[in-house]
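Asker: Before we start, here is the structure in question, set down as structure tokens.
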Amino acid sequence: MKGLLRANMRHHGRRYVATMGAVAIAVAFIMLALSFAAGMGAGAKKALIGEYENIDVAVVADPDADLFNIENYEVVARQVQDVDGVKAVAPKVSFYAQVAADDVVLNTRSAPDFPGFVEVEYAEGERPHTGQVSVDRSIADALKLSVGDTIAVDNAFGGEDKPLELTVSGIYGTGGLITMANNQMLMNPADFDALVGTASADAVLIKGNPDLTDAQQQKLADAVAAALGTDTGLLVQTKSEVIDAGLSGINMDMASMNMVVMVFPLIAAIVAIIVVGTTFQVIVQQRLREMALLRCLGATPKQVRRLILGESAAVGAVASAIGVVVGGLLGALVIWLVGLVPTFVTALDAVVTWTMLWVFLLGVVITVISGIRPALKVGRIEPIQALANADVPAVKRGVGWWARLIIGAIMAVGAGAVMVWQAPHQTTASFGMAFVSGIVSLVGLIVLLSAAFPWFVAALAYPLRGVTGRMARGNLLRNPGRTAATGVSVVIGVSLIVTMMVGAYSLRQTMDTNLDRLMPTDVVITTHGDLSAAQVDEVSSVPGVAKALPLRMHVWSGEGEPPVTANGESTALVDIDALVEVARTDITAPDSSQVAVNLDSGYESGDEVELCGENTCQKLTALPVTYVDLGALAVTSDVFDALAPDAPIKQIVAQLTDVRDHAGIVADIQRVDSSFSVSGAAPMRAEFENIITIVLAVVVGLLAVSVLVALVGVSNTLSLSVVERTRENGLLRALGMTRRQVSRLLTVEALVISVVGALLGIAAGIFFGAIGMTAIPAEFTELVIAVPWLQIAIVLVVAVVAAVIASWLPGRRASQVSPVEALATD
């Protein structure tokens, strides 16, 4: 049978080309995903080892004592610096700094530079001295920095001091889209302390004598532990122990990441199984007489089944080898280009592992699984069928068809009902139940459509008129199982893409709505003291600022000063009129008899609140709202003037002409005064939208591979149907049908399958996306379910265009068949 297997592969190899393509794409996708995860792991491990490479002992917080950092690391450093054998001590500490240069503002992770502890390879310049800073290549590229440039560095979480003006002394790292640098900016310790003040440390790092052995490091660790005493909530670890603990955590994180990353390749693999299984069934159906002749010549059912499975394994081996090599090379290229590893050779080292072997075996297994059902069918062929007509018989509805229809409907509808029931609870448990129900419902939908898909095809194709339209409808319904399997693969990919689109668009609209309620102003400007009317005018003149108004504020403090709050916190009185005027949306503002308070202030709507100023007191009624900070009270200008006529300007609130251009406008505002700190809804909205857009683009890109595999299935099914209908196409040509009409016939069939699959996928995706968004366990002031109809229309257009492309080669092949040769085909 080995000789027959080789002969069959040579003779029928052309029919398996598209099948190999589907398997190769799925395998390459799996390999690419695992390669990227491996690169992330390798980069993280290298960064971890670099953090502790130059130490001997580390003092860390004990997680068993529910501690995650060392609050008073200065005390710990003083306790251990006089221990015998300790030569140097430094904290492992970092903070997020806001860096401004020209029109760009970034938040970066920064750390003090301790020589001997922090060692980086400088591509340009040198380590920072007082008044200097060194930056990672990724930050230098983003801010377009060179050695000698000056940048403004501020605490990203605010502070009392003005930003530091620091000079770039050096640039290190290799850059890339993703940086694995431990810190993106290094500062001189004196400047770090001046900017940050007291900060908690991840660890206290200790260096002993040079070249200590493991035993000597352990001895030093014991001495340090003795100096610290017991019950401190601290652990003293040697260099190898702290690295091993960190690597263990990285391995756990990578395992979790692999589980998330592999979801999308597995979806592509499932689609590939459907596509390949359908293809094998078609090929076997076309070779029934060939298999029956083998039975006549003495082949047993077991041998015939083994032959088909052997062909499946051969196809899977070739396709998997191609997929593993292509996926591995692409993975290495990606992790090198994004900056996870320094060189392409290093990237290959991270990729070329045993992973390639088991991914190869997985591809073979996928293909063999797809060939099991056709092999079982071949084993039931009787030798007498060699004399039967080679034409494919019409498929009749049997018990299996009814079973798929009923079971699929029960699963899809039942699990969908559970989703609808659980979603409004918005708890972690209900979200988990809704998620599991969604998976069950999707599986049920697939089972249901495997039986019912031809109904939708018949409905969509019914209006088609003319010879081409009617024949296309008949061809699609001639073998409903094949049409359904091909269409279902399209449904899976499109439904998942639309689900993510609806979820992301709804999340974006929800965030915008809630930001408008919580932070109705685009920009809020503060400084380390009071603001002046001149500064308000300067901000108003900044291009892109539609209007800017002063926000006056009076702070009550001290025991017994009204109003007295339940928790005794200081209370700020705010003039609300400026906020109302620049708000991007309508907000519920108080009138002259009301005072706006935070929803969590403890005041109920209508409660009486007495406010007293220097010369007068007023009794007002509470109006709980979302946009007033906790501890603040907002009143109209006339009430404010009566209570605090001399209150200073504490904030400038502004509305922008275009929030999408907020970065450049914020940079211009900060040029007015370097002490300005800018916040508000515009930067936050842009940040949220940027995150959502990036995540959506990545997810849709990953799911698009599944759609690509499905479209390969559409093209493959049409190609095989061309072979199957060679005599029919020849007869049509003989009866006068032109080549263009024959080609158009295949295009119409592809369009009907793709459009029906896309429409069903869109409907399912909207349902799953809306319910999934409703089920998210998050506290939103207002949940907005929105459907991105334009994006969905683009998905439909892409499906139509892809169908036309998928039908081009089969249509061309069918149209070029000679009528005489086709009619002579057996």
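In case you wondered, yes, glycine gets a Cβ from its N, Cα and C as well.
This is the feature table in TrEMBL:
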| type | residues | note |
| --- | --- | --- |
| TRANSMEM | 259-284 | transmembrane segment |
| DOMAIN | 262-383 | domain 'ABC3 transporter permease C-terminal' |
| TRANSMEM | 313-339 | transmembrane segment |
| TRANSMEM | 351-372 | transmembrane segment |
| TRANSMEM | 401-421 | transmembrane segment |
| TRANSMEM | 433-462 | transmembrane segment |
| TRANSMEM | 483-507 | transmembrane segment |
| TRANSMEM | 691-724 | transmembrane segment |
| DOMAIN | 702-819 | domain 'ABC3 transporter permease C-terminal' |
| TRANSMEM | 745-771 | transmembrane segment |
| TRANSMEM | 783-809 | transmembrane segment |
Asker: Which residues of the chain, 6 or more past the ends of the transmembrane segment (313-339), have a CB below 8 A from one of its CBs?
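Answerer: Sequence-distant neighbours of the transmembrane segment (313-339): 5, 9, 16, 19-36, 38-40, 42-43, 138, 174-180, 346-348, 350-352, 356, 359-368, 371.
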Asker: Does the transmembrane segment (351-372) come close to the transmembrane segment (401-421), meaning at least 3 CB pairs under 8 Å for residues 6 or more apart?
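Answerer: Stretch pair does not touch.
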Asker: Sequence-remote contacts (6 or more beyond its ends) of the transmembrane segment (745-771), Cβ cut-off under 8 Å?
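Answerer: Non-local partners: 416, 419-420, 423, 434, 438, 441-442, 445, 449, 453, 456-457, 460-461, 464, 468-469, 471-473, 475-476, 483, 486-503, 506, 710-711, 714-715, 717-718, 721-722, 785, 787, 792, 795-796, 799-800, 802-804, 806-808, 810-811, 814.
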Asker: Applying the under-8 angstroms CB criterion, which one of 351-372, 433-462, 783-809 scores highest with the transmembrane segment (259-284)?
Answerer: 351-372
Asker: Using a Cβ cut-off under 8 Å, which residues of the same chain at least 6 positions beyond either end of the transmembrane segment (433-462) come close to it?
Answerer: 401-402, 404-405, 407-416, 418-419, 422-423, 469, 472-473, 476-477, 480-481, 483-485, 487-488, 491-492, 495, 752-753, 755-757, 759-760, 764, 768, 771-772, 775
Asker: Can you check how the pLDDT averages out over the domain 'ABC3 transporter permease C-terminal' (702-819)?
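Answerer: Averaging the confidence scores along the domain 'ABC3 transporter permease C-terminal' (702-819) gives 79.
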